[in-house]
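K.L.:
Sharing a structure below in structure tokens format, with a few things to ask.
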């Protein structure tokens, strides 16, 4: 291993450098998949490590790109694994998607079409929005036959019926300019795309029509992770897969709210009011966790318990270097002599 | 409309320029969707136009990016619409995918995983290859639970059983290095991705595992069309959607064999032996048909009967200009005074 520019290369966490790092930090930001757990299995030594950090007065924050759950659902998952973590300590990309709409004053009467899990629908609801799609459209199929028109806003027909009932003249207008009416009252103003194991052509067509045909419709990606440990034994396509599909059909690029975007950092800073230089982002991915940490001005620690191997980290083609790396988070315990 | 560089802008086909163009050509290359038909409906005037061209001795070729059918299946579709077109006149991207493997000496003992339609499977078979997946995996679902391992080559377990039966020592080897064995005998050497209305997470995981984990596994895209007229009333996500999904999960770019790649042109030239300057590519898409024509050195004619509108063509942001444009192919008839 060449060490011509040692300051740039990640340092292996050691008995020598762990204590100064630990003392300089007020908060630890943890990714979850590959750091805290793999699928539904806790990674070795996690409870003891979190307990130690809390006992030393460190703030703990969990920043996850996995959008399948809401913050509330994540808190339940932590509890089911024996970890005491509150909703307030969790920042998921499902929450970030809802917050993006909120801070950008997305009108509450507009609907949001969701390619993703229940977590996004729930966070949208908590923020006062109506999410369509998601798990509800998981079993839907399309009919590719002549004269079949795919309607991309379920509210359209209800509104038409209502308007026609209120004003019979609209019946005539309706039949004269069906397409115009459909477009003008179509209420989907944003499509949120996250990890969706129930991805199908129905959802892809729905989201594609909204983005291509509804003027100003937002295209929001919770994240673009290529793969993730959806089970403990192997990696599966991540949200980057569904987002890539939508990029392919819409020829547009999304607004990404999850890591490495620092959008979530604003909320985090508002809540914890700690200087980012006193935070350490701990994650298993270079292109999301470590880049997020870099972008936000945090210290960064890569753990090798998830998707990144040591050889990937040290490959000359890799240009994202964390400040430190180690096998798993419980190494901190050992290195501090606890 | 500004005409500061008239040579660059597309000319509207007129009574003035149609005859010289027509006389200079020996072959017409037609795209199908949006040119010959929309979904299952023939576009007005097509039979008469093709009849006239044949009667004047012009060669007709049909070059389609739609990979859902094989050449044989396309010939049947042409016949069902009352058009007499032979398999030899059809160049589909399903055929191109199989030919790409053939000309690159892809080993016949290797399997090909297909995210796409029956057409690709049939063309692979005709070329001597075994395609896995396709419509057969359309209803398959995954189990995202602990200890579930997704097997990405159905032949692996048969081979293991066979080897173990032949040599009991392999039992030990098997248990010692399961991953190594799985990788070394995994027989999927290429993944072909085309339009797939039965896209699901099972197929995406299968293709992703092959490309990420099988050394040297090829990633072939039939085409990257964003949308297409799968029905006559509206556009639907095209192969670009499925290809985008696979790019997102594999972090790799595919080899594209359909338009605008000129891969198919080699076969076409071998068959017809006509100089490309005496060919006219007629299509409804700028980024596939017209670009393909340009790349191959053909004359190009855009028809507005498909996905491209006149305003898209004339938008300042569009930098792909055909030589000529017209509403539909039967305009040729009228303009020639036939």
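Note that Cβ sites are derived from N, Cα and C of the backbone, with glycine treated the same way.
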K.L.:
In TrEMBL, the residues A:31, A:33 are said to bind Mg(2+). Which of A:275, A:284, A:287, A:315 is said to bind at that same site?
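P.N.:
Candidate listed by TrEMBL for the same site: A:284.
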K.L.:
Which recorded positions are spatial neighbours of residue A:284 (Mg(2+) binding site) here, meaning Cα within 10 Å, out of A:31, A:33, A:259?
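P.N.:
Neighbours among recorded positions, in sequence order: A:31, A:33.
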K.L.:
10 Å Cβ neighbour count around residue A:284 (Mg(2+) binding site)?
P.N.:
25
K.L.:
Cβ within 8 angstroms of the Cβ centroid of A:31, A:33, A:284: which residues besides those meet this for the Mg(2+) site?
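P.N.:
So the extra residues in range turn out to be A:32, A:34, A:35, A:36, A:64, A:228, A:229, A:283, A:285, A:289, A:303, A:306, A:307.
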K.L.:
Given a separation of at least six residues and a C-beta threshold under 8 Å, show me what packs close to residue A:33 (active site, proton donor) in the same chain.
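P.N.:
When sequence neighbours closer than 6 are ignored, residue A:33 (active site, proton donor) has A:64, A:66, A:228, A:229, A:284, A:306 within Cβ distance under 8 Å.
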K.L.:
Please list, in sequence order, the residues in the chain of residue A:259 (substrate binding site) that are at least six apart in sequence and whose C-beta is under 8 Å away from its C-beta.
P.N.:
A:31, A:63, A:65, A:93, A:223, A:283, A:285, A:288, A:289, A:291, A:292
K.L.:
In three-state terms from DSSP, label residue A:33 (active site, proton donor) for me.
P.N.:
strand
